[in-house]
Structure formats: C-alpha cells, structure tokens
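Annotated domain 'tr-type G' per Swiss-Prot: 10-201, in sequence order. For 19-26, the entry in Swiss-Prot reads region 'G1'. Annotated GTP binding site per Swiss-Prot: 19-26, 76-80, 131-134, in sequence order, evidence recorded as sequence analysis. Annotated Mg(2+) binding site per Swiss-Prot: Thr26, in sequence order, evidence recorded as sequence analysis. Residues annotated as region 'G2' in Swiss-Prot: 55-59. The region 'G3' annotation in Swiss-Prot covers 76-79, and the record cites similarity to another entry as its basis. The region 'G4' feature in Swiss-Prot is assigned to 131-134; the stated evidence is similarity to another entry.
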Amino acid sequence: MAKSKFERTKPHVNIGTIGHVDHGKTSLTAAITKFFGEFKAYDQIDAAPEERARGITISTAHVEYETANRHYAHVDCPGHADYVKNMITGAAQMDGAILVVSAADGPMPQTREHILLARQVGVPAIVVFLNKCDQVDDAELLELVELEVRELLSKYEFPGDEIPIIKGSAIAALEDSSKELGEDAIRNLMDAVDSYIPTPERPIDQPFLMPIEDVFSISGRGTVVTGRVERGIVKVGEEVEIVGIKATTKTTVTGVEMFRKLLDQGQAGDNIGALIRGVGREDVERGQVLCKPGSVKPHTKFKAEAYILTKDEGGRHTPFFTNYRPQFYFRTTDVTGVVTLPAGTEMVMPGDNVAMDVTLIVPIAMEEKLRFAIREGGRTVGAGIVSSIIE
C-alpha cells in the first residue's frame, strides 16, 4: 500500500498517556497504533529517545495516528521522572490525557501524582482507560475501582462523574485474545477521546501577544520592537498594549516588517519588527510584551509547580529553603523572585518537584500555564509553570 500523504485537513490534537508504573501506558500506546496508525511495538515505544527541553533531558516516545475526525500526536514516557519533567516543561504539549489505571491494582501513588500534575499544569481534559480487565473476574470489584478513580479525579477538580472510563485490556488488543476487551475497547476509547477531549484553539485564533526581544530606534520613523508572535494576529493601525516591568502603556502599531518587507499584518509564528507610535527607545525593553489591550495583566505573585534539576542534569548540588532568590526566566528575560515553600516542606532537594509561591521584584505579563526556567547566574537549575496567579 502506498504511503498516504499527510493530510492537514483534520484538526490536530496532542495527547499522552499518564498513570502509575506498569499499569500499561506503553502497551496501550502500542495497541492504539495497531488500530489507528502505523503499528509500533512495545519495544519500539519503550526505547524512547532523549530530548532536551529548557535545558532538561527528558526521554519521550512520540507516535502519531488518526481517527476519522482527527490527527493525533501521542507522547508516552518510560519513567516517572520523565513524566514529571515533561508535564512541567511542556516539552510535549498535552491538549488532553489518557489516564491508564490497572483494574487489578486500582489507583496507586503515581496515579494520584499524575492527576495532580495534570491539574497543576492545566491539562484540559482526561479520559480513563481501565486496563487489565481480563485479570479481574469480579464485576463488583471493577465497579469499585471505577468509583475510586472517579473520586480521585473529583478530588483534584476534574469532573469525576462525567469523565469517560473505558474498560479493556491493552494486551488482549495486542494479542487478539479478546475482541471485546481488546479491539472493541480500544475503538471505544478513541471514540471517547474524539468526543470528550476538546479541539484546542489554534494559536492564530487567540488574542495577539508578542514577547519583545529587541528594541531599535530608526531615525525619522520611530521605535521598532522585534520578536516572534506567540499567538494571534496584529494588523497595521491596531492599538496594542506594552505590558510588564513598568506601568502598562497603550500605543498603535504603524508598521509591520518581516525579512525587510512591509506587511499589513503579522501572525502567530512570524518573526516581525513592529513600528510603534509615540514610544521612545528608552520606554520599552526586552522582557515586556506587546499584546491586545486588556488581554494580559502584569503580576508579581503566583503559585507554581516546579521541577528542580539534579546535580547530574547540571543543576544545584544542594537543597534550597524558603526565601531562596533565583532568577525566573519568562519568555525573553530573567526576573529575580523570592520563593516561599508550602507548610510542611522544609527544603527542596535537587530532583524534586514542588508546589511553591513566588514573588517577583518587578511585574511580568503573566497568565496561568505560562512556563518559566529557574536560573542562577544564567545556568538553568529548574523549570516551572504558573499554576495560579495570586496578585
């Protein structure tokens, strides 16, 4: 059969498998590819290549497949630490997750931890695959496990009562030992993923935002700010705000340039220079953002989930405590901040992931799910994500 051309006609969605070690995440990933993609065996997925994201090495396996309605990119990580790092750094963006729970064991510590992480990093939706159902003869026991999973999801503010839970067996699907628990269950799972996990809004449809990387003064024309448009569209003549570091100011974009050509607009993904009216070279700086008025506010205090690098990863050699003062690298710039650890957490060791409060010394254009690096003198020692804004 000739290899079919990749059609961009279907909406694209990024998902991943999460859950406790040995509950069957990788087997399920293999089973999905068997019916919806180019089959990848367990060993091919398990031998995940290492990648670097924000200075952190993470092993992740990527597979792709498609249903009648969508094209999926699916990420599976071999180790628990890889999951933690992946979710916090956003190395593989997740528009939704498939939580794999072994029916024979029920929810376990990493089940809980992955659900909490999904909540902290803002994974929009979860679908559950209750795996290894061929190992459980007792229907009441299955119901009990399902109830436990629903309660756990609700505890972490996911809609536990409405989340689809599909019962099946990834191994049965791979070995064709039971059509009902195997192929049928996998097809039901993907139907649930198709209908329950929302299609993400494309970056171009979101409100305009461009992190400012550089500022130039062009004699006779004014001030130009350059950067890569993160989302949305900016048209010549539109009003925008400059947010972060200093008081928010309004200005008008009087020109957009790309590769030395004048355009009438810049859009998500473009590297542009924007000419702005009535703003002096000294009034704007790297680290601020240009955005649609009112869409983003500057903040200094937030709650974050962070992963702290190990010594082997090039991180710190020693723990840190409350009042630790590193730099937080947001988009294009470092800002010093003070860390407050949660009650009961005395210190954070290299290799830990931690929920913490941060107070920056100057405000930054910020919203939930914004990611950052934690640095000491230009060296990355951690990665984090804004889980909620305090003020």
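Cβ coordinates are placed from backbone N, Cα and C, and glycine is handled just like the others.
When the alpha carbons of Thr26 (Mg(2+) binding site) and Cys77 (GTP binding site) are compared, the span between them is 8 angstrom.
When the stretches 19-26, 76-79, 131-134 are ranked by Cβ pairs under 8 Å to the region 'G2' (55-59), first place goes to 76-79.
The binding-site residues Lys25, His80 differ in how many other CB atoms lie within 10 Å of their CB, and the one with the most is Lys25. Under 8 Å from some Cβ of the region 'G4' (131-134) lie the Cβ atoms of residues 23-24, 27-28, 100-105, 142, 167-172, 177-178, 181, 185, all in the same chain and six or more residues away from its ends.
According to its DSSP assignment, Gly19 (GTP binding site) is in a strand.
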